[in-house]
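Here's the structure, in structure tokens; my notes come after.
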Amino acid sequence: MKFSTVILAAGKGTRMHSNMPKVLHTLAGKPMVKHVIDTCNNLGAQNIHLVYGHGGDQMQQALANENVNWVLQAQQLGTGHAVDQASPHFQDDEKILVLYGDVPLISEDTIESLLEAQPTDGIALLTVVLEDPTGYGRIVRKRGPVVAIVEQKDASEEQKLIKEVNTGVLVATGRDLKRWLAGLNNNNAQGEYYLTDVIAAAHDEGRAVEAVHPSHSIEVEGVNDRIQLARLERAFQARQAKKLLEQGVMLRDPARFDLRGTLQCGSDVEIDVNVIIEGNVSIGNNVVIGAGSILKDCEIDDNTVIRPYSVIEGATVGENCTVGPFTRLRPGAELRDDAHVGNFVEMKNARLGEGSKANHLTYLGDAEIGKGVNVGAGVITCNYDGANKHKTVIGDDVFVGSDCQLVAPVTIGNGATIGAGTTLTKNVAEGELVITRAPERKIAGWQRPAKKK
């Protein structure tokens, strides 16, 4: 179904108390307006006209990778005026869908229903019935059909009793919408050009006006302050959690889980409380994710356990691995099958081979570590010389004792042993033992200093 979209995103959002344009505030880690843009792209919108005003530079920087037509509304004179700024770009015979950058949860199904409901010579709008309609434009019907929308400030006492309200979302052909917009005036309580007045214009011409309801009222809730944004965040997360539970993922507490990207899960996955998923994350079968862990743009293979409070970003973890607690895997980190990293271990651009382990207090950066290696507590790969990064290569079956510093570039051959406390600056051959320590001294009869009285 061919259509183009106008997204209204020019509002300042005063009640957000922020220097950032309202629509750039994030929901599930993504700007609200980006949710709307993505929905339009998923539905195959031919053109997306983004009407902006306040914070234009910030908007264009944040959405630099989006294929949108930027339309400036220099003065905020109402929703009708905003849409009219984009009207020169409308094709006469195309459907024009009007959406809002601060209404991020509208679904593809609801939009498709609205597009399908639009009469050939008329207009379709999205309405919702609310128990408390205060503040919304009321839908005025005459013996069934919609004949007008009356804003709260212009409504009579009788009209204020109406519970069916306008969401602002509508669709009409470009030719009709341009004509109706050209006929708007600002003779109302707010002195603005209301988009809603096009409904009365359509009715006056004898055009059909169809009303469609969303699947759920949360889809059309807008954001004017941080309280409303927080409410939508929880509603969105509840929806995401429900989908995962239906797919068989065990969320220990769905109310304490945040998905801020996409998650693919195998079978029998268990996710404990306060876990955050960001970017694109893939989790295999029989995986356990411990409480408080953060996973971003990473892959976790089958039968692996991520213990509590681990942070994994841009990393790959193989099968039957154990990570954490309190482990940080940074971009480029890779654990091969059966590898183990424990508490306060950090890896960056490093590979830990099959069956190898670094269980305590270790930094492995720019390193390639073979199979069956034991990395003792307190080991550091010294990869940075103040100007450039250098690589550490450790072969198979190497034992690195506690509190060693491996000053890169350095290579350790298969089966070598590095004694505890060693500062290694030269390559080590296969099977060698290397120890660098100051001579041990014993002082007999030594007395500790006495405390002053």
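For all residues, glycine too, the Cβ spot is worked out from N, Cα and C.
The record from Swiss-Prot ties Asn383, Tyr384, Ser402, Ala420, Arg437 to acetyl-CoA, and of the options Ala377, Ala444 it ties Ala377 to that site too. Counting in whole angstrom, Asn383 (acetyl-CoA binding site) lies 49 from Asn224 (Mg(2+) binding site) by their C-alpha atoms.
All chains included, 15 other C-beta atoms sit within 10 angstroms of the C-beta of Asn224 (Mg(2+) binding site). Counting same-chain residues at least six beyond the ends of the region 'Linker' (227-247), those with a Cβ under 8 angstroms from any Cβ of the stretch are 16, 25, 27-28, 32, 104-105, 218, 221, 254-255, 257-259, 263, 265. When the C-alpha distances from Ser402 (acetyl-CoA binding site) to the recorded positions Gly78, Asn224, His360 are tabulated, the minimum falls on His360.
Ranked by CA distance from Arg330 (UDP-N-acetyl-alpha-D-glucosamine binding site), the binding-site residues Ala377, Tyr384, Ala420 have Tyr384 at the top as the closest. For Ser402 (acetyl-CoA binding site), the number of other Cβ atoms no farther than 10 Å from its own Cβ, over all displayed protein chains, is 16. Per-residue pLDDT, averaged over the region 'Linker' (227-247), rounds to 97.
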